[in-house]
């Protein structure tokens, strides 16, 4: 009996020890927050400022747009290549701004860095939206040509083709997402830079009007230039409702409330969708509009609280409407390619919704006959965040540069090739492939990058050529910035 008791005590002690070893402190989250923002400096295109901290990067794309007599210098490379894709860049900027709006007060000494990351995106989007009347420039670089090369952005010699949407070739999806990004960012800068904020909001309104007036999907207008890379599979209705929702929040203008009420049903207000990404904005829109009801008591938005509950309940194991898939190690799993993008967006929505519920007396999520408290949402989000940071079966952090064990062979051109400082001579398009296939770790650490992540059995191949798992992306990190800020302040 005593032997069994000692065994039980030993097992319990070991379990608690494992728990304590895997628990992250607020300082750990603050460290991860700093790195998650720093990552965006590694994705910068254009002329880098003196304050650039990832010093293995250098200026690139300095003539972008010049062949078309427009200035399209700046912005972000979306992932591991050298193309500037407008749809994911705008979504990244929207989510960075939303992270600052909801959790900026928890960012402390990282707030200015986060705002700089937002501004790097919006400075470019403003150029793209205002360079030519009646036109939105939505992409620089032909992905089909770019992907035939493995070269540093500083060495790019592929044609920097420029693509746009217009009244004749509409792109309501990318235009409305651009409007959302500019509107959300106008809230971020409202107090610190009122003039810039005003410009952002004014431009957002104009771009949204353009998106709404000339309806159509950019996938239909541009075909193989954007598909299958960032094809608008969900169509453009979700972006129109999302863009209007951000304009309403940023401006307080009742015309957007009227727009949402009049067009909501047509644009998918009654459709429940269970993922949130650069392509599909429906779940995010429901949560965003629920804030109007829960925090501001806008009765017209009560419907969106119900739909937000449906989304939240789908993620909660044991809920009557539970339908999410989790790996054996507890990671939310949506797809084999870049799955962590869905983990970071859902974690952000859980935390934002928990915040809105806490502001509303008796605020809970209703799942059939049961109720889910905000604490439950925070707990589920924490499990996802902790998994990414290393509390997982592989005991690996999926954020580069965080923890003792993290991916070394990241699918990223600039990170995997010698930097221009270490190797000033140009490395040509085809010569770079030796570095793609090399077994050596990346010479330049892309600090803060969250990679695509493990498979549905928690397996991860640290293989540069396995882009599904090893490629980082701006839209994986953007919502993670907000989630990390929240936990750094608990």
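Heads up, the Cβ atoms here are built off N, Cα and C, so glycines get one too.
Unlike curated records, TrEMBL annotations are generated automatically.
Features of the protein shown, as given by TrEMBL:
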{"type": "ACT_SITE", "residues": "411", "note": "active site"}
{"type": "ACT_SITE", "residues": "462", "note": "active site"}
{"type": "ACT_SITE", "residues": "471", "note": "active site"}
{"type": "DOMAIN", "residues": "29-484", "note": "domain 'Glycoside hydrolase family 9'"}
{"type": "SIGNAL", "residues": "1-23", "note": "signal peptide"}
(request) Would you mind reading off the Cα separation of residue 471 (active site) from residue 462 (active site), to the nearest angstrom? (result) 10
(message) Between the Cα atoms of residue 411 (active site) and residue 462 (active site), what distance do you get, rounded to the nearest Å?
(response) 10
(request) Restricting attention to the domain 'Glycoside hydrolase family 9' (29-484), give the mean pLDDT. (result) 97
(message) Using a 10 Å radius around its CB, how many other CB atoms surround residue 462 (active site)?
(response) 17
